[in-house]
Amino acid sequence: MAEVESGYRRKSEEDEIIDQVETGGTELHDEKESEEVEMDKELSKLEEELQASGKKPFLAARIIPKPKIFIWFLASFASIGGLLFGLDQSLISGAELYIPSDLNIDSSRMSMITGFMALGAIFGALCVYPVNELLGRKWTIIVACLLYTAGGILEAAAGSFGVLLSGRMILGAGVGLETGTVPPYISENCAKRWRGGLVSLYQVNIDLGLLFGYIAAAIFVDVSGNWRWMLGSSLLFSTILLVAMLFLPESTRWLMRKGRKVDSYLVWKHVRGVETFEEKQEFFRMETLVLEELEASKTRWILLDFIRRPRCRRAVVYAILLQLVVQQFSGINSVLYYMGPLMERTGLSAQDAVYTSLIGGGTMFLSTIPAIYFMDRLGRRPVLLTLIPGVSVGLFIVGFSFKATNVKVEEGVYILGVVIYEFFWGSCLGPTPWVVASEIYPTYLRSTGVSINALCNWLGTFTTTYAFNDMLDALTPTGTFVGLYNGVVIFGGIYLLFFMPETKNLTLEEMDELFERPTKDIVHENWENTKQVWRDLAHFRFREVWKLS
């Protein structure tokens, strides 16, 4: 009898738990419905204000009315900025084989022509914040296009060292301005589930630009005035981007920051949509956070938040180390800018060096395409930590190729090293820093934060390109690639293993909660996850390692 009573009691307790769960679920459902009703009322008011204002959708939205299709259209055209970035990096690789003899320039001045584009980009990166705040993301990109065009014309028409150097630096200013603007422009206009992939599209275009630069060099290598055609070919793409941006909208978050709520809603409506609960909720969460940040900025100098606020300090330190140290001092720009001369150094003729450079450019482009998918499928952290050892292996092979005693062996080993290096670099170190930079900063500091990242990018580029020939002389090619660059990659990988948080599937507003956590908590969590990964690998549970669904 006692057992029967006990069974009834357990059954009663189970029923009570089930009732509580069902009641809680009902309450959550009711709360969600109530919230959606309130949001619909506010959206109806915004729609009425929009109709009363007589404002029409931007032209591109009239051509492509579906938001899910339009966001890819926006990201694809805005990412042409990345194509120009890559194009102007690789074009100089072929052109510098012919400029010295044509303009009677010595190696010291040629190093300035190669490296000083990055110096101009540093200036452009410093201007990202004020120009973005004044003009907005869209018009900042348009200004960058005008600088691209002016610089490209000066490069192609240069009759002296001074004119060519001026063209390189003006073009560099456009690159610096664009690199700090395009990633946040894409990020602020797309949903969280697509953000990693769409921002990765920017890196894909950088690598496509690198490939196009090598292709352009190969096309014009036998043409009279070949280097002028090579450097001037970028004008085609700067014109395409300029025209495209005239048809695209401004960033929704920038408009909200400027108090233009109706305009922000108009853009959001066509770029993101307001059909689902999540789309509506994210719009109003974005508004709330922007207004809170604007209110806070009235009482203090917000740039000091990078030092004063632990959340901002953690974000900027992480982003700088990832972009400046791990990405730039992995040696990528030394390989890209000096691909032609390095190929020539292994024994190839100038013409063959131009053609062979296509191998490296093609490899990097193809390797970056999967990043669009895996960045959001697997996450930023798994992609980077899984592939970064391949970067290290590639650097070892490149560095020791110069020790070969047979010229043909040296050429083959060097090309193999470049292919491995660029394949793994393009899959992880290429896109990840830009994705991270576009999403980890609070809205009110995003322009400044991304401009800091762009500045770090170009400081690293300038250091590793302008001083590259001196590094080769002082450290030898093997010491430069194996000792310096590979050492940075190894120590950088260890840093990321402990300090890199996962930001996949977080809204830009949820990033605040992540970076409010103490660093020691992130390190502890990463260490526990790392131990679990090794246990999963030991038991061949690969699906668990990369959390495939």
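Every residue gets a Cβ built from N, Cα and C, even glycine.
What TrEMBL records for this protein:
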type	residues	note
COMPBIAS	1-13	compositional bias 'Basic and acidic residues'
DOMAIN	74-504	domain 'Major facilitator superfamily (MFS) profile'
REGION	1-42	region 'Disordered'
TRANSMEM	69-87	transmembrane segment
TRANSMEM	107-129	transmembrane segment
TRANSMEM	141-163	transmembrane segment
TRANSMEM	169-186	transmembrane segment
TRANSMEM	198-221	transmembrane segment
TRANSMEM	227-248	transmembrane segment
TRANSMEM	315-339	transmembrane segment
TRANSMEM	354-375	transmembrane segment
TRANSMEM	382-402	transmembrane segment
TRANSMEM	414-437	transmembrane segment
TRANSMEM	449-468	transmembrane segment
TRANSMEM	480-499	transmembrane segment
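Remark: the transmembrane segment (107-129) contacts the transmembrane segment (449-468), by the rule of 3 or more CB pairs under 8 A. The stretch from 198-221, 315-339, 382-402, 414-437 that makes the most Cβ contacts under 8 Å with the transmembrane segment (69-87) is 198-221. Looking at which of 198-221, 354-375, 414-437, 480-499 has the most CB pairs under 8 Å to the transmembrane segment (449-468), the answer is the stretch 414-437. With Cβ pairs under 8 Å as the measure, the transmembrane segment (354-375) is packed most heavily against 382-402, out of 227-248, 382-402, 480-499. No contact links the transmembrane segment (141-163) to the transmembrane segment (480-499), because fewer than 3 Cβ pairs that are 6 or more residues apart lie under 8 A. The transmembrane segment (198-221) shares the most Cβ pairs under 8 Å with 414-437, out of the stretches 169-186, 382-402, 414-437. The list of residues near the transmembrane segment (315-339) in space but at least 6 beyond its ends in sequence, with Cβ under 8 angstroms from a Cβ of it, reads 89-90, 92-93, 114-115, 118, 210, 214, 306, 353, 357, 360-361, 391, 395, 398, 418, 421-422, 425, 429-430, 432-433, 436-437, 440-441, 449, 452-453, 456-457, 459-461, 463-465, 468, 471, 480-481, 484-485, 488-489, 492-493, 495-496, 499-501, 511, 515.
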